Amino acid sequence: MPTESGSCSTARQAKQKRKSHSLSIRRTNSTEQERTGLPREMLEGQDSKLPSSVRSTLLELFGQIEREFENLYIENLELRREIETLNERLAAEGQVIDGAELSKGQLKTKASHSTSQLSQKLKTTYKASTSKIVSSFKATTSRAVCQLVKEYIGHRDGIWDVSVAKTQPVVLGTASADHTALLWSIETGKCLIKYIGHVGSVNSIKFHPSEQLALTASGDQTAHIWRYAVQLPTPQPVADTSICGEDEIECSDKDEPDVDGDVSSDCPTIRLPLTSLKSHQGVVIAADWLVGGKQVVTASWDRTANLYDVETAELVHSLTGHDQELTHCCTHPTQRLVVTSSRDTTFRLWDFRDPSIHSVNVFQGHTDTVTSAVFTVGDNVVSGSDDRTVKVWDLKNMRSPIATIRTDSAINRINVCVGQKIIALPHDNRQVRLFDMSGVRLARLPRSSRQGHRRMVCCSAWSEDHPTCNLFTCGFDRQAIGWNINIPALLQEK
C-alpha cells in the first residue's frame with residue numbers, strides 16, 4: 001500500500017539519522033511507533049517465532065537500553081564541549097591541561113566537573129604514565145627474583161650444553177663447538193678441567209649420578225666417558241652485577257666475551273677417555289646416564305638411539321623408529337625410562353623396566369622439530385619444539401597434553417627444577433623464561449647490554465641444592481651464566 005510504503009521510508013530515514021550521531025540498535029519503543037505509524041510487528045518482521053508477550057517484553061527492554069545509550073551519548077558530547085571550553089579559557093590565560101602539569105588541585109580550582117568527570121579525565125590523561133610505573137615495578141620485581149651471579153668465559157665457540165655435577169665437589173660442566181668440554185668452579189668461575197678427547201663438536205655433557213665421571217657426546221660420531229678429579233679453589237667475594245632496567249638492547253658481535261687469552265690453557269687437561277662408545281653412523285647429539293649409572297643412552301643424527309653397558313662398552317639395544325634425525329635424549333631420575341626427541345615432530349618413550357622386553361610409546365603433538373623432551377618427578381614429560389610451544393604430558397594419557405605454553409620464539413634444550421616443578425625455557429631470541437607446570441609464566445631472566453646472553457640460548461640446567469647459583473644457561477655467545485633464582489619469592493608472585 002502506498003501509505004505503508006511512505007511510512008517505511010520515513011522510518012528508515014529516521015533510523016539512519018539517529019545512527020549518524022549515536023550507537024543505536026533498532027528502535028522499538030512507543031515513540032518510534034507513534035512517529036512512523038507502524039505496528040511493532042512490522043518493525044521486527046513477520047517471521048518471528050516468539051510468543052507475542054515475550055516479543056513485546058523484549059522490544060520494551062531494547063527500547064529502554066537504547067534510550068540509556070542515547071542519554072549517555074548526549075552527556076558525553078556535553079562533557080567534551082565543557083573540556084574544550086575549559087582548555088580554550090586556560091590557553092588564553094597561558095595554561096593548558098597537560099599530562100605533565102595536571103593535578104587534582106588544579107582541577108579543583110579551574111574546573112567545576114563532578115567527581116566522576118574528574119576521575120574519567122585523570123584516567124585518560126595519566127594512562128601512559130601509569131603504564132610506565134607498572135612496567136618499572138615489574139622490572140624491579142624481576143631483578144629481585146632473578147639475579148646474575150657469575151659468568152663462565154673460556155670457550156672459543158658456542159656452548160651447546162651445560163650440566164651440574166650430582167656429587168661432591170659440585171662443579172659446572174659445559175660442552176662446546178670448539179671440540180672441548182670444560183669443568184668450572186661454580187663459586188669462582190675458574191676453569192678446573194679441560195677435556196680435549198673429541199675431534200668434533202662436543203654436543204652434550206652429563207655427570208654420573210654417584211661417581212666423578214662425565215659423559216660427553218660429539219660430532220665425531222662417538223660418546224666418551226672420562227674420569228675427573230678436581231680441587232675447588234677458595235671462593236672470592238661476589239661483585240654485584242645487578243643493573244637497573246630489564247629493557248632489551250641490541251648487541252653486536254663485538255659485545256661478546258673476549259677470549260683471545262685462553263683462560264682454560266692453564267687448567268689440567270684430559271686427553272683420553274676411560275671408555276669410547278662407537279656404534280653410531282652419524283653425529284651423536286646427546287647422551288645421558290640411566291638410573292644407577294651402569295648404562296648410558298645416546299641419540300644420533302643416524303635416526304637411532306643406542307643403549308650401552310658402561311663397564312663393557314657393548315651395545316645393548318639399538319632403538320629405531322624415528323623418521324628423521326634425533327635431537328635429544330633424556331633418562332628418568334628414578335626409573336629405567338628413556339625419552340628421545342626428533343626432527344620428525346615426535347618424541348618417543350622407551351620403557352626398560354622389564355629386562356626381557358622394552359616397549360615404546362610415540363607422542364605426537366608438535367608441528368615442527370622437537371628440540372628436547374625431559375622427565376619430571378612422577379609421570380610427566382615436558383617437550384619443547386621449534387614450533388614455539390612447550391607441552392606438558394601425562395605418561396598415563398599420551399593423546400593430548402595437559403598444558404601448552406605458547407611463546408614467541410623457538411625453544412631449545414629445556415630443563416625442569418624437579419623439586420619446585422619450574423620449567424626453564426631457553427630461546428632462539430636470547431631470552432630465558434620461567435614457567436610452572438600448568439603453563440603460568442613466572443619470570444624472564446634479565447637481559448641487556450651489560451648482562452645476559454648476546455646470542456641464542458642453547459640450554460639451561462637447574463642445581464636445586466647450590467646455595468648461590470641454582471640455574472645455569474649457555475649459548476652461542478660462548479659463555480655460560482649462573483643465576484640466583486629466589487624461588488619462594490617467585491612462587492609468591494604467582
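Each residue, glycine too, has its Cβ placed from N, Cα and C.
The compositional bias 'Polar residues' annotation in TrEMBL covers 1-13 (among others).
Summarising the annotation, TrEMBL assigns region 'Disordered' to 1-49.
Annotation source TrEMBL lists compositional bias 'Polar residues' at 22-31 (among others).
What TrEMBL lists as compositional bias 'Basic and acidic residues' is 32-47.
According to TrEMBL, the feature coiled coil maps to 69-96.
Sorting each residue of the repeat 'WD' (152-194) by its DSSP state yields 0 helix, 23 strand, 20 coil. As annotated by TrEMBL, repeat 'WD' applies to 152-194 (among others).
With a cut-off of 8 Å between Cβ atoms, the residues of this chain six or more beyond the repeat 'WD' (195-226) that come close are 157, 160-167, 173-183, 269-278, 280-289, 291-293, 296, 298-300, 308, 310. According to TrEMBL, the feature repeat 'WD' maps to 195-226 (among others).
According to TrEMBL, the repeat 'WD' annotation covers 277-318 (among others). Secondary structure counts, DSSP: the repeat 'WD' (277-318) has 0 helix, 22 strand, 20 coil.
Feature annotation from TrEMBL assigns repeat 'WD' to 319-360 (among others). Through the fold, the repeat 'WD' (319-360) approaches residues 282, 285-291, 297-307, 366-375, 377, 381, 383, 385, 387, 395, 398, 413, 418 of its own chain, all at least 6 residues removed from its boundaries and within a Cβ separation under 8 Å.
Counting residues 6+ beyond its ends, the repeat 'WD' (363-403) has Cβ neighbours under 8 Å at 327-328, 330-334, 337, 339-343, 345-349, 409-416, 418-419, 421, 423, 425, 435, 437-439 in the same chain. Residues or ranges marked as repeat 'WD' in TrEMBL: 363-403 (among others).
Applying DSSP to the repeat 'WD' (319-360) sorts its residues as follows: 0 helix, 21 strand, 21 coil.
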